[in-house]
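As recorded in Swiss-Prot, the features of this protein are as follows:
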{"type": "BINDING", "residues": "GLY165, ARG166, GLY167, THR192, VAL233", "note": "NADP(+) binding site"}
Amino acid sequence: MGAITLDGKATRDEIFVDLKQRVAALTAAGRTPGLGTILVGDDPGSQAYVRGKHADCAKVGITSIRRDLPADISTAALNDTIDELNANPECTGYIVQLPLPKQLDENAALERVDPDKDADGLHPTNLGRLVLNNPAPLPCTPRGIVHLLRRYDAEIAGAHVVVIGRGVTVGRPLGLLLTRRSENATVTLCHTGTRDLPALTRQADIIVAAVGVPHLLTADMVRPGAAVLDVGVSRVDGKLAGDVHPDVWEVAGHVSPNPGGVGPLTRAFLLTNVVELAERE
């Protein structure tokens, strides 16, 4: 018997129905939310991501605010654009699309964003608020992972969760989310220095693979019935590949497909962050 699919697309559509109603209420009150994007250069992947985000905005009624800049832009010109969106009353929240060209300092750009307009939830101030369990925009992918587990009734409270990957967008903030009292999981954060990864994953109730190593997690590393979320993205022979080997579906109880699992929820919670920022105003 195969695993239950953690369907990110269907779950995203449910979230969009709720967001559309909330945006309509905000618009009726004269506070239409606006999502801004700053895109530097012509990287095809980044362009596709930004197009997708603005298409999502149109579905729920959020105003789109795009700032597309040339690849050879100076730091001063990028800073001017960030400052403009910080001051723009129509822009409720926004993102600086990464990666940036090599002449630009990504960390400096992200720190210049107003923390109260941080749609990604990755500003250092907001990550600090997450540590303190204070209200703040939450990182979108970790929030999507938690929501997807809850949507399919995967038990989180008391569960042992093994997270493979310690990146700032997924691994580290996910550990903080899952150990809040509202989730109450026990988290093991694994990385390249982990000595015996299979021994740890075999103990896990939930495994989140987020390293970008194709088919890293195989069936022999998974306890029967465990929930497995595939967040990593890489390419093999020109095709997208996740971190989870297809044979895991025969062992696990729940698996998120890749694509179509966590990815749609990352975008859904980007919009959710913007709507919540508008509701707080």
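The backbone N, Cα and C atoms fix where each Cβ goes, and this holds for glycine too.
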Lowest local Cβ density (other Cβ within 10 Å) among binding-site residues: GLY165, GLY167: GLY167
DSSP three-state assignment (helix, strand or coil) for GLY165 (NADP(+) binding site): coil
Sparsest-packed among the binding-site residues, when each Cβ's other Cβ atoms within 10 Å are tallied, from ARG166, THR192, VAL233: THR192
Site diameter for NADP(+), Å, by largest Cα distance between GLY165, ARG166, GLY167, THR192, VAL233: 17
